[in-house]
Amino acid sequence: MDNAVILAGGAGKRMNSEKPKVLLEVLGKPMLSWVTDACEDAGIERICVVKGHAADQIDKYLDGKFETVYQPERLGTGHAVMCAREFLEANIEGNTFIACGDAPFTDFKTIHAALEFHKLSDCAVTVITAEVSNPYGYGRIVHTQSGIAIVEEKDCTEEQRRISEISSGCYWFRTKDLLSVLPKLDRNNAQNEYYLTDTVRILSAEGKKTAAFKTDNPDAVLGANDRRGLLRLNDIARIRVIEKHLSNGIEFITTDGIVISPDVTIKGGTRILPGTILSGKTEIGAGCVIGPNTRLENTVVGDGSIMDNVVANGAYVGNHVKVGPFVQLRPAARICDFASVGDFVEIKNSVIGEGTAVAHLTYVGDSDIGKNVNFGCGTVTVNYDGTNKAKCVVKDNAFIGCNTNLIAPVTIGEAAYTAAGSTVTKDIPDGALAIERSDLHIINGYAVKKLTRHLEKGKKLIGK
Ligand code: UD1
Ligand code: CA
C-alpha cells in the first residue's frame, strides 16, 4: 500500500496570518485540501498530515478525516517527516509520496505518472521537478554521475543558482529507504534545518538509485510563500477553472469578478454573469442564468433556473425556478420546480413547493409550504418566540394575503385564504378564510380640523 505524508507544520510568517499557511485558500478552498484531494485522486490510500503551527486549527479543519502527527518545533522539512516515523513504520513495504501543503497545484496525474516511473526505474527516491523561468527560492536539481542532488537557494554556488530545473518539494520514496535515511540528516546548512532535500544526496552517495521526474505542467510546482504568491495562485487557478467550464459549453460574457471554486460543477448552456462567486460543492444544472452579483456556497441548482443577485448557502433550488433579484437562501432552503422567489425575500430551513410564488418582502423560516401557494407582499412566518423555534405549514393552493403574520406553530389548510394584514394564531381549515382585523373607524372632518388648528398656531407665532 502507498502512503502520503503532507508537510503542513510551517508558520507561514510572511503571510502575516493567524491561520496556518496551508489553510489559506486558493479559490475558496484551503491549499491543504487541494493537496489531499490530489493524493486521494491519485489513489493513495493512507494520508498523514504533519501539523505544527496552529495545529488545533488543522485538527478542526480536517475533523478526523486523515491521520495527523504533531511537529513540536519547526526544525525543517526533514524533521517534519521524522515526526511521521510511526506512520511510515506501520506500512513499510510500499512507497511514500511526500508533498508540501503550500503547493496546491500538485495534480493527481503527475503524482500517478511519477509513481509509475519510480516503480519502473526501481528508484529509492524520485523527485518531481520542473523547468521554470524564475527558479528563485526553489531547491535546484544538480545531476551527478550517481544520480541527482538538490541544493537549496541559500546554499547554492553562483553557478548552481543559474540552474532552471527545480524541485517541486514532492517526492516518491521507497518507504524503507526513506526510514533508513532520515536518521542521517543533520543541520549543517545555511538555515540550520533538517532538510528533506538532503536525503536525495545521501541515498545517491550510498549507491541507491535517485532520479528526477520532470513534469510538463510547470504550475504543478508553484507554491505560495507570501500574500503576493497566494494572489498569483488564485489568478492562475481562476482562469484555469473558467477555461475548463468554457470547454464544457458554459457561457461567460466577461470573466470580471467571477470566481469559481475547483469542485463546482456546471452543466452546458448555462450563462455566468459578472460578480458571481461559486464555492464549495455547488452544482449548477444546464441552461441556467447565474448572476450578476450572486454568491452560491454548497448550493444545488437544477436546470433552466435563474439566480439573479442571490446569496445562498446550503440551499437546494429545483428546475425552472426564478430566484431574485436580492434574495437570501439560508441553509436547508429547498425551492421546488417552477417556484419563484422575488425581491427582498429570505428563506431558511423551509420547503417552498412546486409552482409556489413568494414574490416580495417576505421571510419564511422553519416552514413547510405546499404547491401553488401565493405569498402576498410582506408576509412573515413568525417562527421564533425568543426561546423556541416552531414550524408553519401552508398547504397546497393556499393564498396568503399581504402583510400576514403566521405565528408558528400554525397550519394553513389547503386552498385557504388569509386576509391582508391578519395575524394568524390558529390553524385554518381547508378552504376557509381567516380575517383578523378590527373595524375600520372613519371620523369625518378630523383632518380638516387638525390642519386649521395648525395654521392658526402658525399665524400667532409670526404675530399676525
Ligand atoms: C521547500 C524545499 C525546496 C523546494 C520547495 C518547493 C526543503 C528544504 N526545501 O522549500 O527544495 O523547491 O519546498 O516548494 O525541503 N514544513 C513543516 N515543518 C517545518 C518546515 C516546513 O511542516 O519544520 C512544511 C511547510 O508548512 C510547507 C512545507 O513544509 O508546507 C515546505 O516548507 P517551506 O518552508 O515552504 O519550504 P521552501 O523554502 O518552500
Ligand atoms: Ca514553500
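Each Cβ is built from the backbone N, Cα and C atoms, and glycine gets one as well.
Copied over from TrEMBL, here are the features:
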{"type": "REGION", "residues": "1-227", "note": "region 'Pyrophosphorylase'"}
{"type": "DOMAIN", "residues": "4-215", "note": "domain 'Nucleotidyl transferase'"}
{"type": "BINDING", "residues": "Lys21, Gln71, Gly76, Thr77, Gly139, Glu152, Asn225, Arg330, Lys348, Tyr363, Asn374", "note": "UDP-N-acetyl-alpha-D-glucosamine binding site"}
{"type": "BINDING", "residues": "Asp102, Asn225", "note": "Mg(2+) binding site"}
{"type": "REGION", "residues": "228-248", "note": "region 'Linker'"}
{"type": "REGION", "residues": "249-464", "note": "region 'N-acetyltransferase'"}
{"type": "ACT_SITE", "residues": "His360", "note": "active site, proton acceptor"}
{"type": "BINDING", "residues": "Asn383, Tyr384, Ala420, Arg437", "note": "acetyl-CoA binding site"}
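Features recorded in TrEMBL, as mapped to the structure shown.
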residue : record                                        : DSSP class
Lys21   : UDP-N-acetyl-alpha-D-glucosamine binding site : helix
Asp102  : Mg(2+) binding site                           : coil
Gly139  : UDP-N-acetyl-alpha-D-glucosamine binding site : coil
Asn225  : UDP-N-acetyl-alpha-D-glucosamine binding site : coil
Lys348  : UDP-N-acetyl-alpha-D-glucosamine binding site : strand
His360  : active site, proton acceptor                  : coil
Asn374  : UDP-N-acetyl-alpha-D-glucosamine binding site : strand
Asn383  : acetyl-CoA binding site                       : coil
Ala420  : acetyl-CoA binding site                       : coil
Requested in this report: Compare the Cα of Asp102 (Mg(2+) binding site) against each of the recorded positions Asn225, Lys348, His360, Asn383, Tyr384 and report the nearest.
Outcome: Asn225
Query raised in the report: Which ones in the same chain are close to Tyr384 (acetyl-CoA binding site), with CB under 8 Å and 6+ residues apart in sequence?
Result: Gly365, Ala390
Query raised in the report: So among the recorded positions Lys21, Lys348, His360, Arg437, who's got the most Cβ atoms within 10 Å?
Result: Lys21
Query raised in the report: By a simple count, how many Cβ atoms lie within 10 Å of the Cβ of Gly139 (UDP-N-acetyl-alpha-D-glucosamine binding site), its own Cβ left out?
Result: 26
Query - Inter-residue Cα distance where the pair is His360 (active site, proton acceptor) and Lys21 (UDP-N-acetyl-alpha-D-glucosamine binding site), in Å - result: 44
Query raised in the report: Taking only the binding-site residues Asp102, Asn225, Lys348, Asn383, Arg437, which have a CB closer than 6 angstroms to any atom that belongs to ligand 2?
Result: Asp102, Asn225
Report summary line: Smallest Cα-Cα separation from Lys348 (UDP-N-acetyl-alpha-D-glucosamine binding site) among the recorded positions His360, Asn383, Ala420, Arg437 is shown by Asn383
Query raised in the report: Expressed to the nearest Å, what is the distance separating Asn225 (UDP-N-acetyl-alpha-D-glucosamine binding site) and the residue listed as 'active site, proton acceptor' at their Cα atoms?
Result: 48
**Report entry** Residues among the recorded positions Gly139, His360, Arg437 that border ligand 1 - Cβ under 6 angstroms, in sequence order
**Finding:** Gly139
Query raised in the report: Across all chains shown, how many C-beta atoms besides its own are within 10 angstroms of the C-beta of Asn383 (acetyl-CoA binding site)?
Result: 22
Query - Between Arg437 (acetyl-CoA binding site) and Asn374 (UDP-N-acetyl-alpha-D-glucosamine binding site), the C-alpha gap once rounded to whole angstrom - result: 21
Query raised in the report: How long is the line from the C-alpha of Ala420 (acetyl-CoA binding site) to the C-alpha of Asn374 (UDP-N-acetyl-alpha-D-glucosamine binding site), rounded to the nearest angstrom?
Result: 12
